[in-house]
Structure formats: structure tokens, C-alpha cells
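What TrEMBL annotates here:
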- 135-153: compositional bias 'Basic and acidic residues' (COMPBIAS)
- 405-418: compositional bias 'Low complexity' (COMPBIAS)
- 420-437: compositional bias 'Basic residues' (COMPBIAS)
- 29-67: domain 'RING-type' (DOMAIN)
- 206-291: domain 'PDZ' (DOMAIN)
- 311-394: domain 'PDZ' (DOMAIN)
- 441-526: domain 'PDZ' (DOMAIN)
- 565-651: domain 'PDZ' (DOMAIN)
- 127-161: region 'Disordered' (REGION)
- 399-442: region 'Disordered' (REGION)
Amino acid sequence: LCCECGQAHPLLDNHLYNFQDEVDDELICHICLQPLLQPMDTPCGHTYCFKCLENFMQEYSFCPMDRKKLSFQQCHKSSLLVRNLLDKLVVLCPFKAECQQSMQRCELEAHLQNRCPGFKKYKSELQRKKNPISKGKEEPPAKGETNTPKDPEVPSGGSSLVAESSGAAVVSLGTAEPGLVNPAFEETEEGESLGQKTSLVAETTTIEIHREDPEEELGMRIVGGKDTPLGNIVVQEVLRDSVIAADGRIAPGDHILEVNGVNISSVTHCQAVSFLRHPGPVLHLMVLQEKGFSNKTAQQDSACTNREVIHVTLVKRDRSEPLGIKLIRKTDEAGIFILDLLEGGLAAKNGKLSRNDRVLSINGQDLRQGTPEAAAQIIQTTESRVNFVILRQPGVQLGEPVEDGSTSNSSSSSNGGSPVHHRRRPDQNHYRRKSNYQKKTVAIKKEPKESLGITIGGGRDNKNKLPIYVTSVQPIGCLFRDGRIKRGDVLLSINGIDLTHLNYYEAVSALKSNAASHSVTLKALEILSLNSPEPSLDIREQGFSWSPLWITWLGLPSYLHFCQDIVLSKGNLESWGFSIVGGFEESKGNQPFFIKTIVPGTPAFRDRKLKCGDEIVAVNGVPAIGMSNSELIPMLKEQRNRVTLTVVSWPGSLV
């Protein structure tokens, strides 16, 4: 009998189990017609047992289900989520006469070896048959032969691959992110599963945008900034017939890292808008573009000169604790590089690792030509001390400031020399963007024919279901003379008529009809910015069709939010395909959850409704407020084929 499953089967065949309940057909191998063992995914989306597929591919070169061309090297292990589901299937002990125990499939071997009276009796009888006199050896002779590797290695690797071993990662859920990567997911499933199975392909690209009119807007909306949980500047939308659309290389979800040589990965939202709105005939953008999930081969190493080697040790409290590091492969240089350190993560608190550091080795394992997923696997299997050897370019410091006050350099821009400071004091209110507004009631006397003198935008028929807001105060009306209503104010009511649920044309009609009165009473909200805009920002905005910045909307009270339900569906082996950041942290309190990344080719990407910068309010009707990242991500992972996200979507800042 096999010492792992307790049943008789040929050495090269799969183990046999007596399952307590009928197993879902989605978890059945269509070669052996038994529940999957060591499941392997094919590129065409089918899943088989490792041994079944290996034996089949020795004779054939196509998928057993759809007969598409296939080689075993193209297949990879199923996600950690799927493997865990299979391991948790309940089986019965095969020694029914002596043992009536049931347990998870992954626990059967230990049960047989240590607790099962039936298997103990079998081994004793086997030993007596082998040697009626001696009672020494108890191990069955076939033990070494019947034990098979539980995790067969499948060649994998990749160029330009992002792997995250932290808690805000890609919520890859189905395939396990650097969640982010936070990693999303990671730390979350992405960190575990992508590290072992596949990686998120991302490329850093420099794009040159030309404008015939140096003042012409680029035509894209952006979200994020270091004063928000998103951190990076992310493209939310590209407008039709715009300069960016005509160029065709920038897409929603791209992260903008540099503008004309200036690093904007550590600036506020308002500062980023100012840089992107700067006029000029040519604009140089460095962007990080995610391409989806892939397995590729490693690139060759490149020379490493004029750099210093640094040794860094991070100590995990337990094996599952994430380090909070995003790793990436570049298209133009071999090796693994640190893309980002997650705020509040172990690496960020330690303060010795920095962005753009190249990882040479982890725990003595050479990674000079390694991949992010290989690094993630080493980190995840380490119990406590994680020893990094990294290579750093002297004079280049792109790292996050750390809470213990370690120094962090600032870099100067190449277009005018104005510095972009990366050092921030820990007591700044980064990420603490709560409702921040001032209510005001404006009662004025006026002539019946005198105009209010304002223009408005928004309305619940707007794509983003915005409240009515003031886009301009003209110098010819009574409100300009009064001076209390300003551009950007949200209008709540006029003469007692509620404006918050009206569409644009209904609001215009209500304002015009009440403007004919001798007295007008307006109730409004003034959104107070926690960070003053750059002095040049408002000046540059005059050339735009004005609308509030994305960060302004985050200050609105919740009763003005327009929530919508987005329903996503996926297959059993798919990832949901988005990453989240935010949530409750002791040091920062309650923060909103935001969509940071949407991965091409995934259900979230195909649905087209979810956007970067959207705020998650609830999952399947359960409010997300007060939850931590580590609470919401498992809730998302539990949803097998369908999930309903309640989100609030604010339009990104136009640049």
C-alpha cells in the first residue's frame, strides 16, 4: 500500500482517495476523471493532474480537451487558491474497519503515519512478513519509490515582470499580488501565487509627446499622488481625439513615473498636475505599463559599474509577514529592481532599501539573472531573517523617507532646476484625507432681472454622477458682488429647492427660475484642500474647461457620493485582475479603499466599468469602512465566480 494515500496503485499513477462528498466537476481532471492532484494549467485554460498531463504529453502534443497545440513546458502550476481548495477536500481514512476518521486530503498522510490504528497494524503485519524474527525496521520497502514530489518545478521566468511581496497588491485572488501589490495585493495571494506560478508583466517606457500648440491639453485624466493612498500617479482615462489618444501609446492604468526628467513618483497630486500641465512643444514621459500575466525567460545580465554593494537584513515576525516590496524587471537591463516600498511595510520602516536598488542575492541565493517570482518565493519561504545584497548607483536615492528620520536625498529636475523633495516628515497628514468642507448659506437681495452670474457643471446625468458645482463666477452678477460663492463650491439648494439629486438641465432651470426673485438663498459646500495647490496651477487651468481636481472630490461628505454596483464574473482559475490600497491602519486611521491597478486581459479589465482611482465602498453589500487591507482581501478571495463591488467613481484631474 502507498504510505501517502494508504491504497494500492501503480507507482507512476496518482494517489487514490475516498472522498466524503461528491466533488465539484470544476475540480475534476478530465484525463483520469478524479479530483485534481498537483493541478497544472494549460495556456488554453484547462487544468489536469501533473502526472496525468505529463504522461499524456509523452505521447501527444495537444491539449486533451480542445486539441490545441501544446507542450508540457508551456504549462504551469495552478494558483495557490486552487491548490488549497483541493487540499481541503474531505476524505475518509481507507482503513474503515479500524478507523472511521475523516480529514482534509492534505492531512491524510500525517494521519496514516502518526495516528491511524489501521495503517499501524498494516505496517506491523508487513514487517512480520518481511522478517519474522527481527522487529527493527518498520518502513515499507516501497516508501521511497511511491513518494512523489508535491510541487513539481515547471520552468518559468520573465522579463519586465512585477512581483510583489506585500499587502496592497494586485488583487489577483484567482492566481494569487504583489498585491501590491500590494500588493494587493501578497502578502496577499499575488505575492504567494505569482511568485510560484506566473508574474505580472510590466514595462518601463519613455514616451515623447509632440504638440503643435504648446498650450494644448494632453487629454488624459489622472489620479493618485503621495498625499493619497494610491501613492503613484495613475492614468484613469484617455480622452478621445486628444494628443495622447492620437499618439496611442498611453492607456488607462499606466503609472507616470517622470515628466521631462522630473521624478513625480513622490509628489502630491497637485504637484503632478502642475508638471503635466506645463506648456511646451515636446513632453517626455516615463511610464510603467502593465501587460498582464505571463511566463518568459530571463534576460542576460548587464555590467554593474560605479555602484556600491549594500547588505540589508529584514526580520519577519513570522513566515507569512509581508516585506512590503514591489520588484520589477526592466526591458533594458537584466536583474531584479525595487520599484516601490509600501508605506508602513517592513522594508519602508527599516529604511535601508530604496527604489531602483538592484537585488543581487537573497539569503545567499544568486539573483543576478533571477526573476521577481524567484525572489518572492525565497522571501515567502523564509521563516525570519531575510538577507539582501543589493547594488545601488551612488548619488541616486529614490527611496521613501522612513519614520526613524533616516536621511533621504532630494533630486533636482532637468527642466528649470526646481527641486522635487522626496523627504517628508512622518507627522504630515498623508493618506488622512477625510471629509473636509465648510457649509455656507448665502442670502442676497437683488434686482429681479439681475443675473446670478455663475456657470455650473456636474449633475446626476453626468458620467460620474457628480453633484452640481460652480465652474465660474462672472463679474456681471450679484454673486460676484457678494463674494461668498466661489469657483468649485458644490451647490446644495436654492430657495429651499434641493439641487443635489438633479441632472444638469434640471439644475440650470431651477437656478434660472429662482434668480427672478428679489431675494435668493443659496446653500453650498466649500471643499477645503488639505494641500494648497501649486501657485501656477490655477493660472494654467484658465486654458482648460475648468473642473475640480480629483483630489477635491475626496473631501465630499458621504451623502453626496453616488454609489454604483459593478458585478464582475470570472472562471475558477482566473484572477479578478485588480489591486487595492487603503483601509484601516493604526497609524493612519480609516482610509478609503482605492483601485490602484487593473491588469490587462482579466475580468476587471474586460468589464470596462471599474477604473483606477475608484473607491470601494462595499463588497457584496458588506461595508468596507473600518476594514483593514488584510480583512478586505480575504473577503474578495472568497468570492469564487462572481462579486458585486459598490464603488464611488470620481473623475480624474484633466491634464
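Backbone N, Cα and C define each Cβ position, glycine as well.
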Task = Would you report the average pLDDT that the model assigns to the domain 'PDZ' (565-651)?
result = 86
Note = Here the stretch out of 206-291, 311-394, 441-526 with the most C-beta pairs under 8 Å to the domain 'PDZ' (565-651) is 206-291
Inquiry  = Give me the DSSP three-state residue breakdown of the domain 'PDZ' (565-651), ordered helix, strand, coil.
reply    = 14 helix, 31 strand, 42 coil
Ask   = What are the DSSP helix, strand and coil residue counts for the domain 'PDZ' (311-394)?
value = 15 helix, 30 strand, 39 coil
Message = Give me the DSSP three-state residue breakdown of the domain 'PDZ' (441-526), ordered helix, strand, coil.
response = 17 helix, 34 strand, 35 coil
Request  = Could you tell me how many residues in the domain 'PDZ' (206-291) are helical, how many are strand and how many are coil under DSSP?
outcome  = 13 helix, 33 strand, 40 coil
